[in-house]
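Before any comments, here is the structure.
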Amino acid sequence: QVKWKGKDLFDLVCRTLGLRETWFFGLQYTIKDTVAWLKMDKKVLDHDVPTEEPKTFHFLAKFYPENAEEELVQEITQHLFFLQVKKQILDEKIFCPPEASVLLASYAVQAKYGDYDPNVHKRGFLAQEELLPKRVINLYQMTPEMWEERITAWYAEHRGRARDEAEMEYLKIAQDLEMYGVNYFAIRNKKGTELLLGVDALGLHIYDPDNRLTPKISFPWNEIRNISYSDKEFTIKPLDKKIDVFKFNSSKLRVNKLILQLCIGNHDLFMRRRKADSLEVQQMKAQAREEKARKQMERQRLAREKQMREEAERTRDELERRLMQLKEEATMANEALMRSEETADLLAEKAQITEEEAKLLAQKAAEAEQEMQRIKATAIRTEEEKRLMEQKVLEAEMLALKMAEESERRAKEADQLKQDLQEARESERRAKQKLLEITSKSSYTQSVNSSTTALPTDLPSFNLISESLSFDFKDTDMKRLSMEIEKEKVEYMEKSKHLQEQLNELKTEIEALKLKERETALDILHNENSSRGNSKHNTIKKVS
């Protein structure tokens, strides 16, 4: 509305977002290539806002926390900071080394996609995602597939982290970057030397224009007595009167106003952090703790249900596999039984034929013997007849001997076939017995399988009804939760050490693919600081 002040518009945005930690944010606009923030007590249309329609304001974080995990209470606050810091890193407004960029990208993927699943998150699923600064991509001879492989390797290790946890891990790493939360302004000292002024949650810092990572000198907020400006000249008076007053000039009066706004806001928050929390903040933190505990318990419950379902499904699959195995064994036993029966029938038929042949041969042998006896009894009148008769007798004796041998062989073969028949019938009896055993096992397995398969349907439902979301927090629950949080802190320290080792491994691994000629000035400065063991916080302590 035309009469609205800055606060009216700002409050409307905060209410729409459900945001209560409003002191970190503001509405930003641009006028004549200079950034400005909407004043809360001034009418919106009285600001030097551009005349074109529609008038555009950006809802952004104006002030940054010293420690994101301790200060950012609401989940929406954490999410807004995550989105803004991620965009600043991708737009290269915050310098981020390559190995840290890969790690931050893996947490961004966890926040967006949830737990890694190789069946869902297949090769190329990050092809359309903007996850790394272009400077990092151009610095190495690596394909998008190679970057995705390294991001995915770390993404897989973040299993079990919810979206808010992954975003907080992102902020905890990003807040240690040298350019995180720093607003830079071009200034000149009394000698006319061009410098940069950096304003952040810790204090004021003076930089060389070519080195935004390492300040030449720092003024922590608790060591500054007064800050003022007159026209374009800005004055910083240290608390220690022995230290000289620092004066500098900016290019525009509007810039001095902006610097003073940021100084006042950051100093107020700096002092506020060192006092007891207000009732509003205490209430918000208590609600956040309860909500975190509720979510933790809900996640544990869902994890238990998931585990029970997985175990039931594994048991069901095992029983089904065993049932199929028993069915196959039963089929094979049936086939073996049928083959045994066929073999027994064949052997019985062959034995019968052999026995009949043996009887027939025995009968022929008896007839031959009778013929021989008849021939011997017959009187032979002439010598020629006698010789012929002797020859016939000899032939008859040879034939009778052969018949006797053949009869004996056939008798033995009949005995052997009877023995084979007896063995075949014994094999048939054993096969029938085994088939009965398998059939009894199959019926038992089917009954167990039916009862086990029904198990998942009896488990608690995944539906989040209102009754399942109410919890009674007792003292013992809170004590246990406190112990779990303390345990998580210890585990986090161990993970941090492991994380640093992984970062160093990745840095060493991709170092061979680096194109040295594409290194920017900030890359070189960061490498020098790392080799000296300098970090953001110990550098500020040295130059304060």
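Quick reminder: no glycine exception, Cβ is built from N, Cα and C everywhere.
Look at TrEMBL and you will find 1-274 tagged as domain 'FERM'.
For 276-441 (among others), the entry in TrEMBL reads coiled coil.
Sequence annotations record features per position, and here TrEMBL assigns coiled coil to 482-523 (among others).
In the region 'Disordered' (524-544), the DSSP tally of helix, strand and coil residues is 17 helix, 0 strand, 4 coil. If you look up TrEMBL, you'll see 524-544 marked as region 'Disordered'.
Per TrEMBL, the feature compositional bias 'Basic residues' maps to 534-544.
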Query - Intrachain neighbours beyond the region 'Disordered' (524-544), with Cβ under 8 angstroms and 6 or more residues off its ends - result: 95, 97, 176-178, 180, 202-203, 205, 211, 213-220, 223
Requested in this report: Check the domain 'FERM' (1-274) for me and report the mean pLDDT.
Outcome: 90
